[in-house]
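Below is one structure, written out as structure tokens; comments come after it.
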Amino acid sequence: MLRRALLCLALTALFRAGAGAPDEEDHVLVLHKGNFDEALAAHKYLLVEFYAPWCGHCKALAPEYAKAAGKLKAEGSEIRLAKVDATEESDLAQQYGVRGYPTIKFFKNGDTASPKEYTAGREADDIVNWLKKRTGPAASTLSDGAAAEALVESSEVAVIGFFKDMESDSAKQFFLAAEVIDDIPFGITSNSDVFSKYQLDKDGVVLFKKFDEGRNNFEGEVTKEKLLDFIKHNQLPLVIEFTEQTAPKIFGGEIKTHILLFLPKSVSDYEGKLSNFKKAAESFKGKILFIFIDSDHTDNQRILEFFGLKKEECPAVRLITLEEEMTKYKPESDELTAEKITEFCHRFLEGKIKPHLMSQELPDDWDKQPVKVLVGKNFEEVAFDEKKNVFVEFYAPWCGHCKQLAPIWDKLGETYKDHENIVIAKMDSTANEVEAVKVHSFPTLKFFPASADRTVIDYNGERTLDGFKKFLESGGQDGAGDDDDLEDLEEAEEPDLEEDDDQKAVKDEL
């Protein structure tokens, strides 16, 4: 009887343990509230993706995430990858501050208080390299040629430091640089056979890559800053295709001037046009990032709209700077020769190219409705009319918040249609740009009071008819504020980064 009771207890314990154990899909642990803590306790290093099943970015990440999980598991690594459906596990999502999809957190030793946000690229190599940097030495010691070859083959880009004295000042500087870069594997060696294998007879640093010239040898004094600059200049291809996976590398880098070739892969002489673009890129390494975009791909249509381009206008070239403000530039010539592209880049760097501001044609009936229609060509005249108080909505046709606001804005226009000095207006900011106003989120609401000093007041009050009326009747005071606050509110209201109405989302998609 006692034996039977003990057997029942043992079976019950086994059943309970099995019920909570995570399932696996393609080597990725499937977590939920019932097994999350157990997984943290069982695995020293755990990378967790919080996703939504309908999220396009999550779907694009899935195969690379699974590939990374499989690679680590095959190596016998202590690192495991996991995922949580945040739409089903809202408590977990809230606990870990999930505001967009995918959100990826790295847990070390079961620490739930301060998991580290994953910020590197979305290819398997990027994920693996980032995790290894977080769990091991900044640079692995390469004791023989096989170890060095394995490191070089493990990733699209790898960096090896060759130092006969691994305690030298140069070697220490190398380690400092290695600690800064998360998504590239670093190795260090003093082995003479490894020196010979890669044709080095003295100390040096080599960046190996599976594209372009294959390797770059560092020249000069080895310092952390110079090494970081060397890697920045050489880690990306001369020309990189924009994809879901390459986007973090493109926008996470230090090069903030990008020239874009919108090139349909179906176009005649596709290879020739791409070759011209690549030839031009050789003169601007580390200064301008050369990117090509398949303009036929449906996922890239928003980017074309952002630049005011239509598919039938491609191939085409545009340049953009991604500093505090995004500024676009358009070549004077439509020729896509290497010479013309090179000349355009030189003129831009010399400050001889003016920003390109888009504008639609002015509709004949732009002022016939209570809400006036503004485009780039009539904005200055209407918004800065010294005798009128002009309240403008800057919107995007695809923006959900703008669609919700539209009937209220129309009622506001109706309210003031006969007012002697108040004008209600709107402008499609995806097709029109003006130098006086930089739009960072949609909708952006700005008030231009009647005056000669070109004052602009941001509206950050309630988006209601009463709220707008109080603002106008108070002369632009009741509801005035910094539009940065509104941007944060929009992100809080709509946590899906894929549908984020912030113009920065377009930057992420470029």
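Cβ coordinates are placed from backbone N, Cα and C, and glycine is handled just like the others.
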*Under Swiss-Prot, which of the candidate ranges 255-258, 271-274, 507-510 is annotated motif 'Prevents secretion from ER'?*
507-510
*asked:* According to DSSP, collapsed to three classes, what secondary structure does C402 (disulfide bond) have?
replied: helix
*By CA-CA distance, flag whichever of S333, H401, C402 among the recorded positions is nearest to C55 (active site, nucleophile).*
H401
*So, by DSSP, how many helix, strand and coil residues make up the domain 'Thioredoxin 2' (351-477)?*
30 helix, 29 strand, 68 coil
*Count of other CB atoms lying within 10 Å of the CB belonging to S359 (phosphoserine)*: 17
*Report, in whole Å, the straight Cα-to-Cα distance of G400 (site 'Contributes to redox potential value') from G56 (site 'Contributes to redox potential value').*
17
